[in-house]
Amino acid sequence: GVCDGHSRSLNSIPSGLTAGVKSLDLSNNEITYVGNRDLQRCVNLKTLRLRANEIHTVEEDSFFHLRSLEYLDLSYNCLPNLSSSWFRSLYVLKFLNLLGNLYKTLGETSLFSHLLNLRTLKVGNSNSFTEIREKDFAGLTFLEELEISAQNLQVYVPKSLTSIQNISHLVLHLKQPVLLLDILVDIVSSLDYLELRDTDLHTFHFSEASISEMNTSIKKLVFRNVQFTDESFVEVVKLFNYVSGILEVEFDDCTHDGIGDFRTLALDRIRYLGNVETLTIRKLHIPQFFLFYDLSSIYSLTGRVRRVTIENSKVFLVPCLLSQHLKSLEYLDLSENLMSEETLKNSACENAWPFLQTLVLRQNCLKSLEKTGELLLTLKSLTNLDISKNNFLSMPETCQWPGRMKQLNLSSTRIHSLTQCLPQTLEILDVSSNNLDSFSLLLPQLKELYISRNKLKTLPDASFLPVLSILRISRNIINTFSKEQLDSFQQLKTLDAGGNSFICSCDFLAFAQRQQALARVLADWPDDYRCDSPSHVQGQRVQDARLSLSECHRAAVVSAVCCALFLLLLLTGVLCHRLHGLWYMKMMWAWLQAKRKPRKAPRRDICYDAFVSYSERDSYWVENLMVQELEHFNPPFKLCLHKRDFVPGKWIIDNIIDSIEKSHKTIFVLSENFVKSEWCKYELDFSHFRLFDENNDAAILILLEPIDKKAIPQRFCKLRKIMNT
């Protein structure tokens, strides 16, 4: 339901918008016209932003169908007039911004009488808006925020703002203070928080008769980008006294065009700053600073102030006498100034700030931690000290601190180690954004430790922090932590360890993903906890990372692989036995042996007519009958017998191969004994190989006795074929 069309150079409202659109942003375009039909189908629209266009015309019924609209921004366009008809059906509108247009008044009739639910209203412009009339805000009874930009306001009709019974926050842009008191009289009893912006108070004069008898409700008064003189500052101080409800005053980015000479300006009749308890000054500019008085004439006004903030105003000294007058001060913030140890010595003098509990000296010019601690020993009530963003660089072995110190902020001070200098009474310690690589300091009362953005590799030892409940250790170089480490922190409720470079090991993932209670302890879990390694899960959330079985159970996988290999070898052995694998290996060996020899032996190397292969059990018939017949034949045949012609000492397999290759023929004397003989089988194997490889008929078979065909192994396919012939 969100349609974002800002900064698209559109010159009209896009067509085709439907009831499905709930939020429409068309700001920063070039739209000039809003017609009756442009938004008529957007009946469910709740937010409409048309800021910073060039709209000069809005037809009367342009917003008539937007009955669900809660947020409407028409600011910084070119609208010359405003019409109540635009808003008559916007019953649930809560936010309306009409700033920065060209209108001079808020219309001829009351614009906002139908907007009963309106809570934030912004009207006016910096140039042409000159009048506020009694009917302008009629119908409005309660506003959380009202902003009126009227730098050139010339006419304010009394009681124009009294119809609004309660305004939480009023922002007034007034160039001159001429009509300021008239406005203040109308709102002083219905306003909680007044903010005055961009005003030159050089001519401001407070009249006691205007407000002295009024029931005031203003609690906070803010001056933003306002210019004072010595005289007008005194008039503002008078205002504090007469508007008795003011508890907090703030000066932000203001300019004091004076020299601080209040001695002749009737301050002697003013004893205090009214009921003001909180004074805040930010970015105060004093052009004539080097002519400025010592402010001693206003010291007496500060006795009731409890909280003072003077930030980024080039303060380098708080005089001892002023510090002693601040008898009710509990909180002092001097951040982003020029305080050093030399000037702090004068500021924190004896009897200075007797009830001060919190002192903030962030981003000043402090350099010695030891000297800073000694200078603050006069502050007996001090419990909270912020000296962050100072350049201490190192920490001495021992220091002295006020006895009630509970909280210390040393973040961004460039320290690289912690020592016993830290107070043992600390309950909260912030050492974030330093160069620490370890934490081994015993702090028995510490409840909260902030040590993010350092170089720690592991969590601190829990024995040093027995009552720790909050640990923020994000953005370090921690790569893992375990259940045992977390359990050792017996009172730990919050752990922020995000943004570290976690090694997502199996143990770490198992711990992080299975511990349901971990999500209640870890801050920013799971989005801020991501894996840095292994590489295939880098960048993934720890909660989502998954490792393979082999990565998490290496011993089991190795054992399984070994068992599988053993079973494979066992199976291979069985198959080799059943499928004659050994024979195939022997044949491969024979083939390799044969390949090393010439394909056919030269004629001169053939020594025998035949090699006789027979079983030793058939030797009687072979040697006494067959050999005798053949060798005594005419002409005689020369036979090769293993008993007689094998070369002594030569490997028997080589003898067989050589004898077969040096013979014209090979005679096999087949019998049951032959089939059972291993060596006869080998001779038959090699001869069978020659039948295949050389395709010759060198084998002569003699069947000594009938042999069952099943007795001849299946692998001797050619032999079985010959037997069939």
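First residue shown is number 1, and so on along the chain.
Placement of Cβ uses the backbone N, Cα and C atoms for every residue, glycine included.
When you check TrEMBL, the disulphide partner of C349 from the set C320, C365 turns out to be C320. Geometry remark: C399 (disulfide bond) versus C320 (disulfide bond), CA distance 24 Å.
Using a 10 Å Cβ-Cβ cutoff, C421 (disulfide bond) registers 18 neighbours.
Rounded to the nearest whole angstrom, the C-alpha distance between C421 (disulfide bond) and C349 (disulfide bond) is 23. When other Cβ atoms within 10 Å of the Cβ of C399 (disulfide bond) are tallied across all protein chains shown, the result is 18. In this view, C349 (disulfide bond) is surrounded by 17 other Cβ atoms within 10 Å of its Cβ, with every protein chain counted. Across the domain 'TIR' (606-725), the model assigns an average pLDDT of 79.
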